[in-house]
Structure formats: C-alpha cells, structure tokens
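Here the structure is laid out as structure tokens; the discussion comes afterwards.
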Amino acid sequence: FLPIPYSDDTVKMIILTSENKKHDFYTLDTIKKHNELKESIIKHQVAFITHGFTSSATAEHFLAVAEALLDKGNYLVIMIDWRVAACTNEIAGVKLAYYNYAVSNTRLVGNYIATVTKMLVQKYNVPMANIRLIGHSLGAHISGFAGKKVQELGLGKYSEIIGLDPAGPSFKSQECSQRICETDANYVQIIHTSNHLGTERTLGTVDFYMNNGKNQPGCGLPIIGETCSHTRAVKYFTECIRHECCLIGVPQSKNPQPVSKCTRNECVCVGLNAKTYPKTGSFYVPVESKAPYCNNKGKKI
C-alpha cells in the first residue's frame, strides 16, 4: 500500500471564530467562495494551527488550542488538516514506515499555507503583523516553510511562529533552509518537550526547554513516555493561553536561578506574550506533572 500522492486538494481547512465554531472543512477553492470570511477577518487576529505526523486538525489537543484562542474573543483560527499527506489514514502497522513520505510533504503544505496567506493579505487586506502560525512536530517545520515562502512571495514576515516540540528525526541536523528557523518570522518561539521525537537543538528567537526539554513529569519512563512528552508541548501552550498559569523561563545555565528571583528583564513567560519580554535565547522552564503545570506558586512577571 502506497500513501496517496500529495495535492492541494488533500489539504483541508477548518475556519473558526467565537461566533462560528462549526468544524466544516474547506479547500483552497471553497475558501475563496466563503462570503462570511471577509467580515470575520477584519475583526480578528489570525492564527493558523498545524498538526504533525499521523494526526489531524480535529485531534482533541489541537481543538483545545483553538478553543483557548477563541475564548480570548479576538481570533480567527484556521486549522490546517493535512492528515492524508501526514499518513494519518494509513494502516496502523505501517504508519511509521511512511514517516519520510510525510516529511517530504512538509514543504508543500507550508507552501499551501503561504498561498492562503497571500489571499488573506491581498484579497482581504490582512496585515502580516496580524498573523501567527502555531505548529506541532512536523507542523512546526511546515510553519517554518510557510514563513520562508511568504518572504519569497514578497509578503514580508509573519508576526510570530510558535513551534511546539518541532520534530527531530530528519530535521535536527538540517540547515536553516530545511527546517523551522529563527528568521522565518519576526519572532519564533520554540517549546521543547522531548529529545527523541523532538530535538534539543536551538531553533528560534527563544527556545523554552520544559523540564530540560525531555522526559516530562507524569509521562512515565524515558523512551516509553516519549509520545506523551512530545504532545505535552501542546498542552503546556494551551494552559499558557488560558492564563491559568505563567510558565516562567529562566535563562539556561549550569545553575539556573530560582524562578522566585525572576524579573521581567531576565526571564520570559511562555505563550502568546513571550515576545513582549526583552530577553531572548534559551530558557529552562520547571513544570509540574498535572495541569495547569505551574511550578512557580502563582508568580507572574
């Protein structure tokens, strides 16, 4: 059995606002005929959410991210569903054998997002400063490729790309042009949670290493709990959007300072407001094993 060849028709979009939460799927052609889109975009920030290998836009943890954004009331969320090209529909026993096939589709899906972005900018006058991309695993690299493509198209840079535990296999040794990179947007935020499915390599403007970027609390033994750790990046980010917790990043060092001594000029809160902090670089983030994952006794900076 061979995976279905990639085409733009194999990628679907779900368009959500706080007023419209129906999980209707759109293609590139049908979105152009979506008459309500213009009015929706004018009023909102735009966030693309992109899943990874063998997943889908309707996976529970991605819908939770969308819901958290919509609860803020000022977002239009475009969920990219590339499940066919991500081998989600393949027979369970052979999915892993098709990983490289999914990898080869990442740039194509990134170009697809860039095409949608071009339509938003040129047809609906959406400023690039109003658009942020959020991607998990392979979806993080897809977001990076979209960031490269919109620059090639002369559209400028996205406001921000947030990479949720970018996939390590096939990417960790690649140069900037072949993976998500700090130049792909005005601000690139990376949340590291696993060192096998993800990567410990610094990739962004800021790199947050949750529990040192591996073996997340509550996920069990190393290797066995790797999938749990890999997905935990999405859950941490969702909690940060909800503001139930400020996950504070401390500058990485051999002996990182206690969170209790953090100031706004030295440390950074993970999430949508990270780019409002002056510090960039790599940060260690202590976390707990259960939601909301805080390990700072409610401290905010």
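Note: Cβ is positioned from N, Cα and C throughout, glycine not excepted.
The disulfide bond annotation in Swiss-Prot covers C87-C294, C176-C245, C181-C262, C219-C228, C240-C246, C267-C269 and rests on a curator's inference. Per Swiss-Prot, active site, nucleophile is recorded for S137, and the stated evidence type is similarity to another entry. Among the features that Swiss-Prot reports, active site, charge relay system is placed at D165, H230.
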Please determine which of the disulfide-bonded residues listed here (C176, C245, C262) has the lowest count of neighbouring CB atoms within 10 Å. C176
Should H230 (active site, charge relay system) be counted as helix, strand, or coil on the basis of DSSP? helix
Just checking: which of S137, C181, C219, C262, C269 have a Cα that is within 10 Å of the Cα of C294 (disulfide bond), counting only these recorded positions? none
H230 (active site, charge relay system): nearby recorded positions from C87, S137, C181, C246, Cα cut-off 10 Å: S137
Cα-Cα, C181 (disulfide bond) versus C240 (disulfide bond), nearest Å, comes out at 23
Neighbourhood of S137 (active site, nucleophile) by C-beta distance under 8 A, where only residues 6 or more apart in the same chain count: H51, G52, F53, S55, L164, D165, P166, A167, L197, G198, H230
Distance check against C246 (disulfide bond) for the disulfide-bonded residues C87, C219, C228, C262, C267, C269, keeping those with Cα within 10 Å: C269
Among C87, C219, C262, C267, which are recorded as disulfide-bonded residues, the nearest neighbour of C240 (disulfide bond) by Cα: C267
For the disulfide-bonded residues listed here (C87, C228), which one has the lowest count of neighbouring CB atoms within 10 Å of its own CB? C228
